[in-house]
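> Quick one: the structure is below, and I'll ask about it shortly.
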Amino acid sequence: MRNSKTAISFFILVAVLGSQAGLIQEMEKEDRRYNPPIIHQGFQDTSSDCCFSYATQIPCKRFIYYFPTSGGCIKPGIIFISRRGTQVCADPSDRRVQRCLSTLKQGPRSGNKVIA
């Protein structure tokens, strides 16, 4: 009887932990969807923050300023900085991004942060 209670407790624990792991993975996946990585390029030039993918939704109200990526990047990009300091890459040719640019001020570069 004691072994069956232990086994049931173990299976309940595994089920709870498994569901938590799935939830965490789903949250991280959702975060990557809205905040694609910004990768710092170069060894000598420390001012080149580049975008390799773009966020699909740009909520302008969340951002306080922006700056363009450097000319040494493969893809052009606009990096928006949120109130929390999060960096979000956006496509500069997107109409929604252009609207955001008209309402926000251009700010300083990111300070050489590496976001992966």
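Keep in mind that glycine also has a Cβ here, set from the backbone N, Cα and C atoms.
Fair warning: this is a prediction, and the values are worked out from it, not measured in the lab.
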> So Cys60 is in a disulfide according to Swiss-Prot. Which of these is its partner: Cys89, Cys100?
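Of the listed candidates, Swiss-Prot names Cys100 as the partner.
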> Based on the record in Swiss-Prot, give the one of Cys50, Cys51 in a disulfide bond with Cys89.
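In Swiss-Prot, Cys89 forms its disulfide bond with Cys51.
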> Spatially, and counting Cα to Cα, which of the disulfide-bonded residues is closest to Cys60 (disulfide bond)? Options: Cys50, Cys51, Cys73, Cys89.
Cys89
> In the structure shown, with every protein chain counted, which of the disulfide-bonded residues Cys73, Cys89 has the densest set of Cβ atoms within 10 angstroms of its Cβ?
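Counting Cβ neighbours within 10 Å, the top one is Cys89.
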